[in-house]
Amino acid sequence: MTTAARPTFEPARGGRGKGEGDLSALSKQYSSRDLPGHTKIKYRQPTQDAPEEVRARDFRRELEERERVAAREKTRERGPREHT
């Protein structure tokens, strides 16, 4: 029987031997994943539909105006209709 199949009753523990001390003091390196990310909050700019601006807008009027412009351009592209 191989030794790999046997259970380990005394698992290896680092930092317990002579002169090893605390393992956290051995390395001062840390991963970039340990650093905090997204530390700044982006605030809404004045032109980015702030709640006050949204309340002041008339969306129905804007939509109707855009629809009129689109219909006008569509008829201009198609040209006048000929009746047969």
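Note that the numbers count up from 1, one per residue, in the order the chain is shown.
The backbone N, Cα and C atoms fix where each Cβ goes, glycine too.
Automated prediction, rather than curation, is the source of TrEMBL annotations.
The compositional bias 'Basic and acidic residues' feature in TrEMBL is assigned to 52-84. Residues of the same chain lying 6 or more positions beyond the ends of the compositional bias 'Basic and acidic residues' (52-84) and with a Cβ under 8 Å from any Cβ of it are 46.
Annotation source TrEMBL lists region 'Disordered' at 1-84.
Sorting the compositional bias 'Basic and acidic residues' (52-84) by DSSP state (H, G, I as helix; E, B as strand; all else coil) yields 25 helix, 0 strand, 8 coil.
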